[in-house]
Amino acid sequence: MDSNELYTNVVVVHEEATGVGPQEEGDPGDNGPDNEPDDEDPRERDAFEIEKVVMEFRDEPSILHDEYPDSEEDEEDEAARERKRDNIRAGGGNLHYHQTFFSAIAFKEAVLDHALKTGCNIAQYKYDKTKLGFKCDGDGCIWRIYCAITKKCSKWRVNVYKNVHTCNPNGDCEMLNVLVIARLFLDSIRDEPEYFMPMKIEETIKRKWKITVSRSQCQAAKRKSLRWIEEEYDNQFARLQDNAEEIRESNKDSTVEVLTVTNDAGQEVFNRFYVCFDAIKRTWKEFCRPLIGVDGTFIKGKVKGQLLVALGRDADNAIYPIAWGCVQVENIENWVWFVRKLKDDLGLMDGDGYIIVSDRQKGLIRAVKLELPKVEHRMCVRHIYGNMKKNHGKDKEMKKYIWDVAWSYNESSFEAHMTELYNYNVAVWRDVVKSKPRTWCRAFYKQGNYCEDVDNNSTESFNNSIVKARDKAFVPMLETIRRLAMVRIFKRSVESHDHNGRCTPYVGKFIAKEHKKASEMNIRRSTNDMYEATRGLDTHRISLTERTCTCQKWQICGIPCEHAYEVILEKKLEVEDYVCGHNSRFHKKKKSYALAFEGVGTVTHGSQVEPSQGVVMSQG
């Protein structure tokens, strides 16, 4: 038996000498709910919250095409809002002996998760710069945990853990004091201050965790949260200037801009922020698809405004963050500024040979016309469908018809699907015609870029991945976005180096679908090294030399269609030899991720992500 394991009935007690015995108890004191002093450094709290979001991040899959959107997108906004309101805390509450934490706050939050999960009366009995202890104050309960920084371990490590509760929850939890309640609901209050009133906070705690707190505690907690939110404004923008300066010093040739304006009171206030890291923009220019998804989303809290993002696609058709910025309002002037910054950073010139995908925001459309007159500007069919829902109620059947129109690879297919839509609902057909479908249908795309995207779902996915970041104060929000970009690139780097195929997994899935349909074709040799592929009454002409098919799918996607694939099979050729453009550059993708990752950060200790000499953000 290990000397640190003592068996008492069914409870395993782990203890380790730490210099100061865990039995030493102290009362942290109580100064009253309104006078309770802040017990944490705000920057340490920010660091923990950022790390938590980063550790919970799950990389998005490659953007797949020709798949109807999930029905969840048809969910009413109010239902989604109610679900978000209920998502206050999602910690696992799992603790174990010799568990390590990167900070005292991380340990306290893990114990809090345990308290919320079990509903037991957890109370702190030991507080020191290098030692923390909690116990259960339930009747006769022996549960206890003690964590400290020791000579043997430079991190916070659990050295004592009695892991069984011998009590039953009674609705009381000393750990859930005013400060803890204020932190639990801080982001929610920042987002919806009028909804999360003291009574709602009290009800939510009772419903979710079966813990009873007083109305006065909840009132004090909300006042505390509002005070923190009020203080964030001045503190955040002082830090923002420091962060921008450090990016300039630590990341040569990166672009970072902080612009302010003078208000009526003569005060200098925030106006715009933009950042594009040099390693990321160089990688995008050399290795990624010539497509940029652009979108804006609301910034929450006291600092009202819009977060603007520009996203690319890598060789695996997965999200590749390029640049992001913040403005006070989404208008023509700010969009012109943002698009101009992108144009300069990425060398887009007049836009010829590139693609922009966005919604129909008038300011953005105007900015693209002014700054990138020759770019192919595609409208997002997802937003087209969203507008149709507003005009035609909850007709979910029209989704299929609209997406079928968007996915048409040639004009004949486009006309056929428009006829089907007309026969289904004339009113919807009229609105589709008004939306100028040639701006969002594949049949009318420029050929040679090999990007078949009809929607801007990558920005929607990206915005979903940073929801928790947008709930935070301004500088922690920007730092969280940077860290998530770093983790995303690292995960892709690992994936690309583990892959041995000539083409990306996305291309592999695409080819597999075409292979299944290819067997249905009848192939006939024609003149001038041309072939005819026939299925029923449908006939198309293929040229392997020119890499074309009259269905136009090959020219638009850069991947052999089912007609071309059957010809390739008949001639016993390698289909990978006929994959075009960025789809066939997976070996370069590995290099691109290595390059970008050097400029964004490094990963140590398994999934623990820490900044390196790449992108560095100041802590003050």
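Any Cβ shown, glycine's included, is placed from N, Cα and C.
Features as listed in TrEMBL:
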REGION    1-83  region 'Disordered'
COMPBIAS  24-41  compositional bias 'Acidic residues'
COMPBIAS  42-68  compositional bias 'Basic and acidic residues'
COMPBIAS  69-79  compositional bias 'Acidic residues'
DOMAIN    531-572  domain 'SWIM-type'
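Residue counts for the domain 'SWIM-type' (531-572) under DSSP, helix first, then strand, then coil, are 14 helix, 13 strand, 15 coil. DSSP assignment over the compositional bias 'Basic and acidic residues' (42-68) gives 15 helix, 0 strand, 12 coil. Along the domain 'SWIM-type' (531-572), the predicted structure has mean pLDDT 94.
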